[in-house]
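Each remark here refers to the structure printed beneath this line.
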């Protein structure tokens with residue numbers, strides 16, 4: 001039997017002892033096993049705990065994680081699987097609950113922020129094209145877009161306001177912009193700890209806009225700074241009734257945590273994660289709470305867990321005493337003083353790890369420190385019961401399956417009093433809140449309508465093309481341009497055309513997403529102007545799609561039908577040309593060699609784009625293959641690159657059978673001669689040809705099947721070491737016989753040269 005299997009078998013035996021009531025492993029047994037086999041029990045226990053959590057076996061997983069913490073230090077983030085298990089049970093029971101489900105927010109107004117549902121003052125457009133208020137991005141409470149779920153983690157510097165949109169909003173909604181400035185003033189009062197003044201200002205703002213999330217944030221934090229936690233909770237409750245948001249649940253849970261209601265704060269943190277699973281701050285808090293409740297310092301927690309897992313009495317669930325709660329509230333005020341001051345001074349930014357008591361200590365001491373802190377808050381015996389209270393809540397499990405961890409709290413332990421449930425307590429709070437704070441409802445929300453008399457098409461004009469925005473995109477520096485206009489500028493210089501800020505990172509990312517709020521506003525309120533702009537763009541695209549008139553010409557090298565032609569495109573004019581070929585869908589352009597008199601020669605070959613690989617600095621490697629041959633009829637210029645009107649060339653077919661037989665014989669002779677020449681080449685030359693042009697094409701049964709004749713002729717013409725002008729003369733021929741004779745002369749000359 002392997003060491004790993006022995007360890008797992010030993011682990012199962014230990015876990016069976018746990019179920020029979022022997023919660024701790026005998027020290028001598030554990031020591032003997034470790035000395036003999038040197039097995040990392042902690043890692044094995046963690047692996048099994050993760051497996052149990054992934055199977056949704058909450059009770060067993062909790063016991064196993066408790067065992068892991070007794071073997072050695074465990075980081076809070078290693079409890080992520082347990083958090084996931086608890087959250088899944090929480091969401092499952094929430095869905096089964098007959099209670100009214102939380103309303104889903106829809107963006108009724110295009111000028112509402114998807115993050116906080118308030119007016120989108122100080123608008124910042126993120127990488128996906130949606131726009132948020134700067135405050136939401138500064139607090140960074142979410143990493144994925146609320147509308148499209150795309151990752152929108154911003155760069156470390158300050159988010160830049162959308163200049164065009166910011167100016168328009170100030171013109172259209174001056175009162176809302178003024179209100180936003182007042183919110184900034186309230187935040188300044190919080191930073192300077194002028195809490196009474198902040199309450200007066202936010203109360204005034206709530207009278208005119210009771211649905212503004214950030215006004216309520218400031219209002220609640222002012223009460224929090226004054227240690228009036230009940231009023232702070234009431235403010236959040238009133239806001240969460242109409243607009244449930246993960247930010248609201250998170251702040252509510254933080255206040256409960258400061259008050260010492262650890263188990264209740266844990267449930268609200270879970271509510272936050274149920275709304276937004278990517279709310280990483282809430283997940284970290286849940287991990288820390290579970291870690292501290294399972295830490296070895298709280299030995300009674302394990303004993304209580306063992307006792308309560310064998311209890312099946314349904315009437316013992318999740319109850320506590322009013323007297324106990326009142327004692328906790330009174331004793332919390334002094335203990336939470338330092339943490340609340342830190343929170344309020346940072347203008348409702350979440351405390352960092354270094355600011356939280358006990359977080360800077362080692363993992364071995366963190367659980368003990370937090371446990372002592374909880375006892376100091378006046379929870380007393382409730383510390384040991386904390387995990388049981390949370391786990392026994394109806395949302396966390398299924399009592400029939402034994403997943404619930406039930407709480408047993410006798411009257412003798414808690415003292416005389418009236419028992420009440422978690423939900424009824426907060427119903428009472430909300431009732432109190434309605435008298436002191438206006439409750440937000442859909443009717444009290446302000447719905448903005450864009451004033452049409454202030455609409456001016458000139459406000460939506462691109463500063464590069466001086467026309468109405470078409471597919472507007474916003475750069476990280478906050479400036480907006482037409483997508484095509486910006487791309488053309490970046491072809492020449494990776495800088496913002498207006499402020500000259502470097503856009504190298506933006507260019508490397510190559511994601512020019514449309515700014516949705518501007519695009520939608522133009523389509524909705526300037527529909528006539530948008531249709532005219534769209535018509536103009538369609539006409540330009542149609543003109544670029546013609547493959548006989550004004551065909552783009554790449555003046556570079558010789559190209560041949562069926563022969564690959566890889567290109568390294570770095571000049572701005574050809575970057576534009578390649579991009580247009582891709583956007584129009586033609587994926588074709590002409591290739592000619594240069595001519596000192598005319599600019600480029602009279603004959604060339606069309607190239608079909610197979611793929612384009614863009615490099616971070618804007619250059620590209622374009623994989624093409626030769627198509628039709630053409631003759632130039634007239635020349636021109638467009639945006640720096642050459643264009644031409646062309647006609648396509650085709651070989652004249654031989655219809656006489658005798659002449660066709662002679663042509664077939666000539667083709668076979670040239671093919672055999674070419675194969676012999678290629679096989680006699682030195683290995684290095686042959687390998688270079690194979691790497692660049694591929695193998696020699698196979699002999700074709702019908703030599704007149706295509707307008708350009710057999711592919712082997714063009715492959716030979718490409719690899720034979722002859723002057724490009726001579727190659728051009730062969731390319732321009734429209735009879736297969738003449739082309740074969742020319743190639744035969746070249747092969748004969750090369751063979752004679754090698755023999756001499």
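Don't overthink the numbers, they just go from 1 along the chain as shown.
Even glycines carry a Cβ here, placed using N, Cα and C.
Those TrEMBL annotations? Automatic predictions, nothing curated.
So that you can see what the record holds, here are the features copied from TrEMBL:
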type: DOMAIN; residues: 113-149; note: domain 'RING-type'
type: REGION; residues: 309-372; note: region 'Disordered'
type: COMPBIAS; residues: 310-324; note: compositional bias 'Polar residues'
type: COMPBIAS; residues: 331-341; note: compositional bias 'Low complexity'
type: DOMAIN; residues: 462-500; note: domain 'RING-type'
type: DOMAIN; residues: 541-751; note: domain 'Lon N-terminal'
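Only residues 6 or more beyond the boundaries of the domain 'RING-type' (113-149), in the same chain, are considered here, and those with a CB under 8 A from a CB of the stretch are 105, 107, 158-162, 165-166, 169, 173, 176-177, 179-180, 211-214, 243, 245-247, 250, 276, 278-281, 348-349, 448, 473-474, 478, 509, 511, 513-517. Within the domain 'RING-type' (113-149), the DSSP-based counts of helix, strand and coil residues read 6 helix, 8 strand, 23 coil. Across the domain 'RING-type' (462-500), DSSP assigns 10 helix, 8 strand, 21 coil. Per-residue confidence over the domain 'RING-type' (462-500) averages 94 (mean pLDDT, predicted model).
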